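> Pulled these from TrEMBL:
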- 181-334: domain 'PROP1-like PPR' (DOMAIN)
- 164-198: repeat 'PPR' (REPEAT)
- 235-269: repeat 'PPR' (REPEAT)
- 304-338: repeat 'PPR' (REPEAT)
- 339-373: repeat 'PPR' (REPEAT)
- 458-492: repeat 'PPR' (REPEAT)
- 493-527: repeat 'PPR' (REPEAT)
- 528-562: repeat 'PPR' (REPEAT)
- 598-632: repeat 'PPR' (REPEAT)
- 633-667: repeat 'PPR' (REPEAT)
- 668-702: repeat 'PPR' (REPEAT)
- 703-737: repeat 'PPR' (REPEAT)
- 738-772: repeat 'PPR' (REPEAT)
């Protein structure tokens with residue numbers, strides 16, 4: 001009922017508006033009534049609503065009105081002065097909307113048009129109509145005068161002008177073309193609510209087109225619902241902007257629903273298809289785009305050249321040259337003429353991917369089709385070709401036709417190509433021959449390149465060859481070539497200095513690095529952060545903390561930051577050498593110099609301090625991280641927690657875990673494993689199990705280390721049954737027990753006086769082809785002896801008789817084995833068997849003959 005009332009009211013408003021519009025279009029007694037609904041039309045050949053030029057629909061003027069138009073055009077196109085004000089005052093009362101339309105059509109400048117529009121607006125008894133507003137908005141839109149268009153919208157609302165549905169649609173489209181979507185929507189709603197216009201499907205379609213350019217999915221869906229509520233069928237001009245909006249927003253499922261609806265209605269054309277294809281390409285959906293290209297024949301639609309070109313560029317951008325080449329082949333079959341942009345983007349990408357053969361084929365196709373490659377294509381191609389004959393061919397074909405600048409670019413590309421092909425000597429000889437320098441070789445013999453005029457190499461030429469020599473570990477030749485630049489008057493560059501200093505620093509040639517650094521300071525080139533960090537990195541690799549600190553101080557003076565990776569390397573090296581205190585002092589010195597070391601550097605030092613048993617100092621440094629404004633990361637916490645657990649300060653470690661969770665950090669598996677190990681070694685198996693529960697609650701899947709630690713801890717706590725149940729649990733959760741897991745369980749079962757069960761797990765290890773360490777056999781032997789089962793103890797002892805690792809036994813394990821052997825010797829049930837083993841030369845490293853007797 002509400003919908004019916006709304007429609008009835010709309011009809012009433014529309015009838016009222018129509019009467020007012022008819023009165024509005026009566027210009028004077030000599031002016032015919034103009035049909036407002038033929039002002040704008042919809043082109044059947046476009047996917048968006050279009051409007052013809054307004055002058056095609058203007059009725060003829062009377063002779064008097066024509067004179068007024070001529071006078072107004074003359075006055076406003078000439079420079080306005082006070083002498084014209086009287087004439088304008090006389091013309092003001094005579095103007096009509098039709099006269100204003102004719103004048104606006106003849107004014108070429110938007111500024112003059114706006115001046116005239118404002119003058120007409122201020123005349124008494126005159127009001128602009130929808131046509132004059134549309135002429136003005138079209139003029140301002142063409143000149144992209146956004147602010148003036150906003151003022152025009154305000155005028156339309158302020159003066160309550162009636163609009164035909166098509167006139168409103170035209171105005172809305174002009175706003176949308178300049179991105180004024182908010183203004184378009186507000187105007188549309190105002191006109192509809194105030195009864196100044198009753199929008200039809202054309203008006204809505206124009207609004208949808210405007211909204212689609214702002215990618216506002218929510219708003220376009222709202223307007224579609226409104227159209228559906230009026231019972232209107234969504235046509236091509238409503239669905240196309242909807243499709244575009246979904247595509248621009250990356251909502252391809254919705255876009256495909258709209259596309260399929262259009263296809264079922266027979267509304268899909270080349271333009272609609274290109275919207276979907278280009279969007280697929282833009283969002284990296286290359287396979288979907290190409291699949292749609294393959295289906296084009298079924299839709300009886302032909303792609304245009306522009307769409308194909310855009311798709312090829314999109315495919316290449318996504319690294320899919322395979323699909324780009326397939327589309328190129330389709331373009332050839334369709335008879336399209338390929339331009340330089342398509343060849344260029346494909347050749348450049350193929351060159352970068354080292355697909356030289358394909359790149360050369362396209363280059364030859366370019367030549368055959370009469371498309372002249374530019375210098376960018378030539379340089380990319382030459383830089384990647386592997387066969388020097390191809391390189392020579394390109395040079396010979398194009399060199400003579402190039403100007404000097406392009407010849408140098410081509411020459412440098414040849415140098416780069418030779419370097420990339422590993423022909424560093426040839427590149428060096430070519431550069432020396434071009435520069436008039438001695439290269440130590442026969443240029444004509446070593447270089448097949450013949451250029452009638454050898455170009456004069458530039459700085460880039462030397463950068464290419466010197467970098468190639470450095471990468472080929474020919475630093476002496478690179479340095480010599482660098483020095484020779486002075487002799488030929490070629491300017492050096494910061495890049496040359498930085499490359500040489502970097503390669504020298506990697507070779508540990510610090511003195512030469514400092515020499516080049518000082519040379520830079522005395523020249524026009526200022527050392528960069530790269531220059532200083534190359535030397536700083538060398539000092540750090542050498543563990544020279546004093547030299548590194550001096551470099552840090554110099555860097556501070558010049559406003560450069562030391563690189564994290566280098567001072568972290570220094571920290572690690574010092575800590576590895578047992579100099580964690582010195583590493584800690586270096587960090588303190590960095591802070592004093594105004595640099596806050598990264599958490600990674602602090603973590604390296606904290607780990608080093610823990611390893612030399614300086615736990616409290618490590619904890620102090622850890623606390624200092626937060627005081628410096630850093631939040632320690634999970635790795636830093638793990639290092640500290642592990643150190644505390646190993647020192648049996650597990651409560652403090654548990655406190656750090658709670659602290660890191662309070663800061664929003666999520667403990668890792670390493671964190672929980674450290675805690676579980678700490679509580680197990682502290683004899684508190686219940687807290688260890690509690691941390692296992694917390695792991696699963698925090699979605700941290702226990703690993704083999706977690707289970708092995710707990711199995712060992714449960715056995716040590718006298719809970720062997722729980723340990724065996726945990727082994728079953730870990731297997732059921734897809735975590736296979738490791739060799740260490742089995743050894744921990746076997747050893748634990750032996751401690752719990754369950755050697756028979758332990759023997760079963762030992763046999764399972766053997767089935768899994770896992771070799772236990774000797775201590776497992778020794779523990780099992782001792783357990784059987786303690787369990788008054790010497791025969792089984794001897795059987796286990798026989799298993800380890802040929803184990804070469806027995807030679808390396810020492811300490812407790814050696815003493816335990818010796819006790820076991822002596823115990824079995826003393827037992828009459830096994831005495832003779834043990835003696836036989838000893839007489840055969842086994843266990844001599846454990847028991848001497850005198851001890852046996």
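Yeah, the Cβs are placed from backbone N, Cα and C, and that goes for glycine too.
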> Taking a Cβ cut-off under 8 Å, which residues six or more beyond the ends of the repeat 'PPR' (703-737) line up next to it in the same chain?
669, 672-673, 676-677, 679-681, 683, 685, 688-689, 692, 695, 744-745, 747-749, 751-752, 754, 757
> What are the DSSP helix/strand/coil residue counts across the repeat 'PPR' (738-772)?
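Per-class counts: 26 helix, 0 strand, 9 coil.
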> As a test of reading the model: what is the averaged pLDDT for the domain 'PROP1-like PPR' (181-334)?
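Reported value for the domain 'PROP1-like PPR' (181-334) is a mean pLDDT of 85.
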> Tally of helix, strand and coil residues over the repeat 'PPR' (528-562) according to DSSP?
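Residue counts in helix, strand and coil order: 26 helix, 0 strand, 9 coil.
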